[in-house]
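Asker: Annotations per TrEMBL:
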type	residues	note
DOMAIN	4-121	domain 'Ribose-phosphate pyrophosphokinase N-terminal'
BINDING	Asp37, Gly38, Glu39, Arg96, Gln97	ATP binding site
BINDING	His131, Asp170	Mg(2+) binding site
ACT_SITE	Lys194	active site
BINDING	Arg196, Asp220, Asp224, Thr225, Gly226, Gly227, Thr228	D-ribose 5-phosphate binding site
Amino acid sequence: MPDMKLFAGNATPELAQRIADRLYISLGDATVDRFSDGEVAVQINENVRGSDVFIIQSTCAPTNDNLMELVVMIDAMRRASAGRITAVIPYFGYARQDRRVRSARVPITAKVVADFLSNVGVDRVLTIDLHAEQIQGFFDVPVDNIFGTPVLLEDMANRGLEDPVVVSPDLGGVVRARATAKALGDIDIAIVDKRRPRANVSEVMNLIGDVEGRDCVIVDDMIDTGGTLCKAAEALKERGAKRVFAYATHAVFSGNAAKNIKNSVLDQVIVTDSITLTKEMAATGKVHQLTLSSMLAEAIRRISNEESISAMFSSK
């Protein structure tokens, strides 16, 4: 079996270290810096010839910088004769640009990123909760898109929820809400029906389901500005919800997210460390972060040992 080595870019160093600790190995020695003009400068400072290399790097904000770091690290590993290179991308940026709506003159940027990674020489990709699962088909290499749900479900189960109901913040999230409700004992679901007049702006229109006097659990794959989430929470509280919790794998938290969440009626927002939490978000006092390190470490171990990834979730 080839020697397994873990390397990390600058996007999620804490998560990378936690993964390394779980695997009882040290992070590889690499310099990932900038030249004076801002260009990415990468140097691998140890032998990787023939090694099974995993590069841990979310392509979150600053998205272009983090993506370029990942691509340049892959190229450096390839030129250093790494045996196999796996890009571990906990949060896959540009995933929301996955289609041309009504043949609009726009790019399918998720496909561009997939081509970029494939062409530079990555052998496989490991990611969590892609915004659109069909993005796996954009790649010409194997993609393991694993679920962050078990980490969130464990927290839900230990939270002491009273007469809970799982809430989808929009019609598109109903499948996720149903799956979560089933995992929690086949409990009820509710749906927030909204209209989105323009990007990152949403208006709650209607609530489908009974939430009066109950703890509500809003589930989504990511939270961006928090506008949709906060309006959904308001609608739930107006309909008599007792407490409102929000769960999401990816804490994008752009724009006015900190202000929106701090001033919202949400009781708590629970996210994972696929994206590093900013000091501003932590200061809201409403955000709790869970770690994906155990799940990612196990997935990496299985990939390196040529074991099944789907078996991780077969009993869930």
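Note that Cβ sites are derived from N, Cα and C of the backbone, with glycine treated the same way.
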Asker: What subset of the binding-site residues Arg96, Gln97, His131, Asp170, Thr228 lies within 10 angstroms of the residue listed as 'active site', using C-alpha positions?
Answerer: Asp170, Thr228
Asker: Quick one: largest C-alpha distance among Asp37, Gly38, Glu39, Arg96, Gln97, binding ATP per the record, in angstrom?
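Answerer: This binding site's residues have a maximal Cα-Cα distance of 30 Å.
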Asker: Take the Cβ of Asp37 (ATP binding site) and count every other Cβ within 10 Å, whichever protein chain it belongs to.
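Answerer: For Asp37 (ATP binding site), the 10 Å Cβ neighbour count is 5.
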Asker: Let me know how many other Cβ atoms fall within 10 Å of the Cβ of Glu39 (ATP binding site).
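Answerer: There are 10 such Cβ atoms around Glu39 (ATP binding site).
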Asker: How many helix, strand and coil residues does the domain 'Ribose-phosphate pyrophosphokinase N-terminal' (4-121) contain under DSSP?
Answerer: 43 helix, 29 strand, 46 coil
Asker: Which residues, sitting 6 or more apart from Arg96 (ATP binding site) on the same chain, put a CB under 8 Å from its CB?
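Answerer: When sequence neighbours closer than 6 are ignored, Arg96 (ATP binding site) has Ala110, His131, Ala132 within Cβ distance under 8 Å.
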Asker: Please give me the CB contact count at 10 A for Thr225 (D-ribose 5-phosphate binding site), counting all chains in the structure.
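Answerer: By my count, 21.
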Asker: For Asp170 (Mg(2+) binding site), write down the residues of its own chain that are at least 6 apart in sequence and whose Cβ falls under 8 Å from its Cβ; none is a fine answer.
Answerer: Ile191, Val192, Asp193, Lys194, Thr228
Asker: Any idea which of the binding-site residues Asp220, Asp224 has the thinnest Cβ neighbourhood at 10 Å?
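Answerer: Comparing Cβ neighbour counts within 10 Å for the binding-site residues Asp220, Asp224 gives Asp224.
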Asker: Across all chains shown, how many C-beta atoms besides its own are within 10 angstroms of the C-beta of Gly226 (D-ribose 5-phosphate binding site)?
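Answerer: Within a 10 Å radius of the Cβ of Gly226 (D-ribose 5-phosphate binding site) lie 29 other Cβ atoms.
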Asker: Among the binding-site residues Gln97, Thr228, whose Cβ has the fewest other Cβ atoms within 10 Å?
Answerer: Gln97
Asker: What Cα-Cα separation, expressed in whole Å, is found between Asp224 (D-ribose 5-phosphate binding site) and Asp37 (ATP binding site)?
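Answerer: The Cα atom of Asp224 (D-ribose 5-phosphate binding site) is 30 Å away from the Cα atom of Asp37 (ATP binding site).
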Asker: Reduce the DSSP letter at Lys194 (active site) to three states and note it down.
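Answerer: The three-state answer is strand.
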Asker: To the nearest Å, how far is the Cα of Asp220 (D-ribose 5-phosphate binding site) from the Cα of Gln97 (ATP binding site)?
Answerer: 18
Asker: By Cβ count within 10 Å, point out the most packed of the binding-site residues listed: Gly38, Gly227.
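Answerer: Going through Gly38, Gly227 one by one, the largest Cβ count within 10 Å is at Gly227.
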